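These notes are about the structure you will find just below.
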Amino acid sequence: MRLRRKNKSPAVLSHEFVIQNHADTASCLVMGLLLGVVFEVPAKYAIIFIAVQYNVTYTTDDNSEQFHFYDYGPKDIATIFFYMLVAINLHAVIQEYILDKINRRLHLSKTKHSKFNESGQLAFFYLFSFVWGASILNAEEFMVNPASLWKDYPHSRMLFQVKFFYICQIAYWLHALPELYFQKIRKEDIPRQLCYICLYIAHISGAYILNLQHLGLILMVPHYLVELIFHASRLFYFSDENKQKGFTIWALLFVMVRLLTLTLSVLTFGFGLARVENPGFSIADGNFNVLPVRIGCLGAICLTQAWMMWKFINFQLKKWREHVKNQIPKKKITNTKNKRTKKEPNRGQWHNIF
């Protein structure tokens, strides 16, 4: 009898070793930075990675009340890196303890397996981000007064929740780039995922750096709701192909959110910011309210929305063509059956006998 060979562990620092142990490596780095806060010497360096930086405190004239705001700066890169590691750990936990267990029960094909994992990860993220963003909008009442999008610009002083929300958003989408390698995404899917990941990073970082946090937050929340409905519907579709009603709701809301995004963007960049009292360009003050920047931001948003609508229309046309192709053979079968029953009524009886 031949002895069974044991599966050899991959070589250290090889591709397979990095892929299999990337979550453990990220968790070790997170724990190392957290332990650094405990000790006095490394604490002043570790705190840059963990805590939100650039705290600015304002006091009233009688010093009876203090207001805490936050600015942005180069130290935010370290904070984003830390929460990117946290996102990698959460990604691995969701994949191993939730999505992999469901995949074993569904017995999906390789293509559906990859799409199921993608939608599962994004559904968790969109749900969390939508609830968090909606709570900020409700607390700050940004939606009640649309003039707050451009009034008192630049909005260089952020509340803690707003800044931390943007830090986590940028960190999550940055973590999605190495995950394309860690999760062994198929080569056919990499260009599509890489495209929307880069678009998210560019738009969210642009809103954060250009002090357009209010506009970015209002545009992100409904967009995340639509994406949540799509990926949740996709998950239900993989479990049961008859469950397709969610895609209809997604299609209606998708068009409405695109119109809302274009309306608010034109209103903010075309009318609001153009008429504020302090136009000008000053990096020190965080003021980027000049015509080239406004045109660039509005053009980027409009091009992105047009691209998304073009992809949406092509997707709907493809589904409609597939539906028509599936209906043609069914009509032919029913027509031939009707003709046989009319012309040869007794033939069916003999076929039943034999």
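Heads up, residue numbers simply count up from 1 along the chain you see.
Keep in mind that glycine also has a Cβ here, set from the backbone N, Cα and C atoms.
Per TrEMBL, the features are as follows:
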DOMAIN    114-323  domain 'TLC'
REGION    335-354  region 'Disordered'
TRANSMEM  29-52  transmembrane segment
TRANSMEM  80-99  transmembrane segment
TRANSMEM  120-139  transmembrane segment
TRANSMEM  159-182  transmembrane segment
TRANSMEM  194-211  transmembrane segment
TRANSMEM  217-237  transmembrane segment
TRANSMEM  249-271  transmembrane segment
TRANSMEM  291-310  transmembrane segment
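Within the chain, the transmembrane segment (291-310) has long-range Cβ neighbours (under 8 A, six or more residues past its boundaries) at 199, 202-203, 206, 210, 212, 255, 258, 261-262, 265-266, 269-270, 273-274, 281. Distant neighbours of the transmembrane segment (80-99): 22-23, 26-27, 29-30, 33, 49-50, 116-117, 120-121, 124, 167-168, 170-172, 174-175, 178-179, 182-183; these residues of the same chain sit at least 6 beyond its ends, with a Cβ under 8 Å from one of its Cβ atoms.
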